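Report on one structure; see the data block that follows.
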Amino acid sequence: MSDPTYPAFPILTFFAAVLVLIPLPWHLQSLNAGTCLFMIWTAIACINLGINSIIWHSNAIDWAPVWCDISSRIIVAVAVAIPAASFCINRRLYMIATIQTRHRAVIIDLLIGIGIPLLQVVMQYVVSGHRYDIFEDIGCYPFTYNVTLAYPLSVVWPIVIGLASAVYCVLTLRAFSKRRAQFSEFLSSKTSLSPNRYFRLMALATTELLCTTPISLYGMILNLTASHVHPWISWEDTHSNYSKVAQYPALLWRMDRSSVIGFEMTRWAPFACALVFFAFFGFADEARRNYRQALSAIAKLLRIRTFYSWRSAPSKVESLPSFVASPLPPYTPSPSKSRFRLLMSSSSYSSTTKTDSYNPSLELPVFEICKSDLSAQESIPETPSTSSSHTFILSPHNDQISPMPSGDHRPSISLGNLPAEAR
């Protein structure tokens, strides 16, 4: 019977391992031990299960005994490592919510997140009936002799850690509701967490708690009800045939519905943890910033222009040619200290020609009205000669502008009669 999840399962698990490790660098900078342990253990679990599904696809042959020794112990360690990492996260969130700072918090988290999984491997060896099992399409799998001593030494610990994590989660919510006013100030001054990251960590730990603890509880109930629980006799009795390697074809183990449920839940649980973690932290602001930096570095090595570099590059759109008429020297007003002067570009005005072709030099007259230095004129008292509007003669032939003598019989253009655009 072929595996219906192949090759999707190994591809997805390898992809999940990469996704969950992407936010690792900036979490290492913040010394968030629980989150880093969660990412590392989840990635190790995904890679281990993905390799097993490839090597033992459609076969149950003992190809790599040394690898199976390592792989089966990894499965044992991960069973408590991910709940222990979630426990460290909830513990740290509780310390922050209760405004506590401990200098040895990172060391304690490392002892919990690494020490408990290693201790679990040792305790599981006490009740390990033989070396390991090989299941077709699954790969190497640890064997725990179903004796009474196996439950306190190995089976129950993921549930105990999950319940302790749940207690910390409830206490965190209770403490946060009481100290909401001091919470943001404490985060900004004493920790490297932002409120947004704090609540994402809380959501991650709660989601993991709601998923892994029921799975562990279901596995324990399955062991108690599906098979007979033997009494513990002695070390020699349990390890009498320890070098044995049991091999099970898929046709055989897939006939048992409980075995299929147990194996598939064990295989897909790390993949689900990786996706949940990436959903909470893979789209944050710091994550997008690091994605851009990584993409730019890779594109620089490959000499590829990315979208971000294209967007930040200066525009090279050519502008249309512009025609600028060279102005005459500025007009010097008469000693009468008039408040305004009228300037006109000589090259912008020309007499009407008879040609029909376009000539850039043929432009309409351009008038510019500039205020003179009013600060110098404010001290001059107004006299009838300076307060009256000044009149100028515009001569397009000699490009001169001269004041017109007073009189009402000559054609003139006064400032008061100019259009609004020329004022």
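For all residues, glycine too, the Cβ spot is worked out from N, Cα and C.
Please treat TrEMBL annotations as automatic predictions, because they have not gone through curation.
The model shown is predicted, which means the values in this text are computed figures rather than measured ones.
The compositional bias 'Low complexity' feature in TrEMBL is assigned to 378-389. Among the features that TrEMBL reports, region 'Disordered' is placed at 378-423. Annotation comment: TrEMBL describes 6-24, 36-58, 70-94, 106-127, 155-177, 198-221, 265-284 as transmembrane segment.
Contact between the transmembrane segment (106-127) and the transmembrane segment (36-58) is supported: at least 3 Cβ pairs lie under 8 Å, counting only residues 6 or more apart in sequence. Against the transmembrane segment (155-177), stretch 198-221 shows more Cβ pairs under 8 Å than any other of 6-24, 36-58, 198-221, 265-284. Here the listed stretches are 6-24, 198-221, 265-284, and the one with the most C-beta pairs under 8 angstroms to the transmembrane segment (70-94) is 198-221.
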